[in-house]
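K.L.:
Quick one: the structure is below, questions incoming.
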Amino acid sequence: MAAFSVNGQLIPTATSSTASTSLSSRRKFLSPSSSRLPRISTQSPRVPSIKCSKSLPNRDTETSSKDSLLKNLAKPLAVASVSSAASFFLFRISNLPSVLTGGGGGGDGNFGGFGGGGGGGDGNDGGFWGKLFSPSPAVADEEQSPDWDSHGLPANIVVQLNKLSGFKKYKVSDIMFFDRRRQTTIGTEDSFFEMVSIRPGGVYTKAQLQKELETLATCGMFEKVDLEGKTKPDGTLGVTISFAESTWQSADRFRCINVGLMVQSKPIEMDSDMTDKEKLEYYRSLEKDYKRRIDRARPCLLPAPVYGEVMQMLRDQGKVSARLLQRIRDRVQKWYHDEGYACAQVVNFGNLNTKEVVCEVVEGDITQLVIQFQDKLGNVVEGNTQVPVVRRELPKQLRQGYVFNIEAGKKALSNINSLGLFSNIEVNPRPDEKNEGGIIVEIKLKELEQKSAEVSTEWSIVPGRGGAPTLASFQPGGSVTFEHRNLQGLNRSLMGSVTTSNFLNPQDDLSFKLEYVHPYLDGVYNPRNRTFKTSCFNSRKLSPVFTGGPGVEEVPPIWVDRAGVKANITENFTRQSKFTYGLVMEEITTRDESSHIAANGQRLLPSGGISADGPPTTLSGTGVDRMAFLQANITRDNTKFVNGAVVGQRTVFQVDQGLGIGSKFPFFNRHQLTMTKFIQLREVEQGAGKSPPPVLVLHGHYGGCVGDLPSYDAFVLGGPYSVRGYNMGELGAARNIAEVGAEIRIPVKNTHVYAFVEHGNDLGSSKDVKGNPTAVYRRTGQGSSYGAGVKLGLVRAEYAVDHNNGTGALFFRFGERY
């Protein structure tokens, strides 16, 4: 048995039973763990989806050069999306061969770095353990004919490898590993099976089997290894690999270092004519070089608990063995990949014959960030969007000097997608050919068209005098919308829309909105995130203040027209918190169903006539109010989706402050606080196709007003977004209100069912509204409801019971209540 001395200890080299000593043909191994790179993608322009694909590793028997590997095997992690806000983001996992292999070899044997392989290694360009722990490509030539030759020997006899014919192709029926020390046959789940490239069912020549044995003998895993065949009755050959596992002295320290971006030194070849003294100096020189190397290396990201687990492994095992190092490698790489460091891999172990085990990791340091714009065909073009607009959306973890993390790529996808400027987004990490172990992050963007226009139409039917519709009663309506986005490449936009329910007589209810949005108010390079927005508008809505209570005849409707301008600034403190403040100036006109100005609400008389002596509709008493007021709101929303279910908390506080400018010099303070909490009742496994958790929703809302209060701004109770089971405003209109509610959501197949209970109360303030519309229209001022429902796509179908009258009804609503 050959041996050499390191630190005064004899280190055995592996031996094989073959007579061949040619080690010039070494196979290049690829790490199995690092080959699994997440691939985030979307398949449709609207809904992200998940697929899992696998690409088979290269089976070529020729050792590829590093440049060839980088060209052929460098596969990107693609992050694709669309301009629409995605509610969730999912991964595509591809089994890709990794090019992040270890650095240059460090010597011939079990000295510190093991760069070239322990026990007779030859110092190839890959890290010793990067090769040692990796499945090698199968040596069978897949391009060859599947024909094979029978062994031509009696069945069930053992044949030494050197006794096989060099002219035959042998079909391998099965492979077994036999541990000589334990005198047992190990199962296929054992990590040693990762080392073997031959496969059951494969066809191999004697030379290929000899090459396999030589590779195993020189990998450093085994002190002794042998390969023999056993003939089968069907002419195939069973292969048994018997081995004695390599071991080193016990260790009581563990160290993990990041060797990414470190220049790999090329060792000086040892002259076979060296004297023992020269060899000793040679090994000491290698040890010094390795010590300087690990001293220059950066500490890895591995946390203390994982260090503790590895130390426990070392204490429990005693001597350091190849299997133990594989377990350490698996545990270290599992932590990296669980934490999202998809490009990290263990490439080497050093100091194995000292009291310290050094684990070398290439973590995937980002060396460069590249942003590219592409046309529809994927050609690189000069984009309209200014690059700083994209850069400010990237998390710092995706910049040069940080370790690439899949979560940072996911966050970059979400942030860039929220700009609404791109139809497709890709975040591709690829190996840096100029920096060993480095990662170049490429961000590829396809821009949306800057200008767009849309026309939507709808038809309404107005009954004629006899109650039945006529041809003339069909009214075409709809809206026209246009948008010019990304002005000057700075994400500024101009949007406009015009809406009417009757294109034939648009003057009846024509509404419009023209809005300009100016982000990066403090400059695109300023980290402060403020957006200026201004708009002019004209809208019409039915007022729920003038609504009858239970048992009251139908109350003639009052429409509220608002026309004016608004300007505000929104400052995003974080992704979850924002603050908006601005000025609103508007003219409010109240009209009856004939579009005439109505200064008072109307009532139906017992005689069937209509009385116009109801509560005043405006503060001025003329049916027309003008006012200016400040408006501010702060929102904190940390909700998230868990398999499609909303979980978290949302809080909104809004204040409107009158300035005493306008009709009757209105001065008031109107404030609202809304709090909603979504409580996850059970932990569930997250992922595509997984069931969402049951959720308990708790909701509270308070609104109050001090000072002047026109009736159209009073708080109303009742309706699908107040207290369900009642019509809009059916419970009352008040100066102060309180609402509470609870809802439990239980997932069922592809949807969820829910049960709810809600209550609303005017806190005795209905009488303080001018004209007391609550009393005039015989409303109670408070009410409760309960019920259950099911979500059908975008529609809520629910049965709600009005607790005041004890009657129930079925409702169909769009959207969510909370």
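Using the three backbone atoms N, Cα and C, a Cβ is placed for every residue, glycine included.
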K.L.:
Would you say Swiss-Prot puts Val370 and Gly741 in the same topological domain with respect to the membrane?
P.N.:
yes
K.L.:
Quick one: which of 75-82, 339-346, 579-586 does Swiss-Prot have down as transmembrane segment?
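P.N.:
Here Swiss-Prot associates transmembrane segment with the stretch 579-586.
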K.L.:
Which stretch does Swiss-Prot mark as transmembrane segment, out of 439-446, 623-630, 807-814?
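P.N.:
Feature transmembrane segment in Swiss-Prot: residues 807-814.
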K.L.:
May I ask you to indicate which of 401-407, 555-561, 786-792, 793-799 is given in Swiss-Prot as transmembrane segment?
P.N.:
786-792
K.L.:
In Swiss-Prot, which of 67-74, 219-226, 387-394, 563-570 is labelled transmembrane segment?
P.N.:
563-570
K.L.:
Counting Cβ pairs under 8 Å to the transmembrane segment (563-570), which of 474-482, 579-586, 694-702, 715-723, 807-814 comes out on top?
P.N.:
579-586
K.L.:
Any residues 6+ beyond the ends of the transmembrane segment (474-482) with a Cβ under 8 Å from its own?
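P.N.:
That would be 451-462, 495-504.
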K.L.:
Could you give the residue numbers and ranges of same-chain residues that sit at least 6 residues beyond the transmembrane segment (579-586) on either side and whose C-beta is under 8 angstroms from one of its C-beta atoms?
P.N.:
533, 562-571, 573, 626-635, 656
K.L.:
I need to check the long-range neighbours of the transmembrane segment (510-518): which residues 6 or more away from its ends have a CB within less than 8 Å of a CB in the stretch?
P.N.:
492-500, 531-540
K.L.:
For the transmembrane segment (715-723), what are the same-chain contacts with Cβ under 8 Å, counting residues 6+ beyond its ends?
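P.N.:
Sequence-distant neighbours of the transmembrane segment (715-723): 544-545, 547, 703, 705, 729-737, 739, 741, 758-762, 781-785, 811, 813, 817.
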K.L.:
If we skip the immediate neighbours and take only residues 6+ beyond the ends of the transmembrane segment (807-814), which ones have a Cβ under 8 Å from one of its Cβ atoms?
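P.N.:
For the transmembrane segment (807-814), the sequence-distant neighbours (Cβ-Cβ under 8 Å, at least 6 residues beyond its ends) are 720, 724-725, 787, 794-801.
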K.L.:
Going along the chain, which residues at least six beyond the ends of the topological domain 'Cytoplasmic' (703-714) come within the CB cut-off of under 8 Å?
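P.N.:
Distant contacts of the topological domain 'Cytoplasmic' (703-714): 543, 545-546, 560, 588, 590, 601, 615-619, 625, 658, 664, 666-673, 733-737, 768-771, 773.
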K.L.:
Which residues, given as numbers and ranges, are at least 6 beyond the ends of the topological domain 'Cytoplasmic' (483-509) yet have a Cβ under 8 Å from it?
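P.N.:
Distant contacts of the topological domain 'Cytoplasmic' (483-509): 383-386, 389, 419-421, 447-448, 450-453, 458, 460, 475-477, 515-520, 524, 540, 595.
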K.L.:
Sort the residues of the domain 'POTRA 2' (247-364) into helix, strand and coil with DSSP and give the three counts.
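P.N.:
Grouping H, G, I as helix and E, B as strand yields 52 helix, 25 strand, 41 coil.
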K.L.:
Averaged over the domain 'POTRA 3' (365-448), what pLDDT does the prediction give?
P.N.:
93
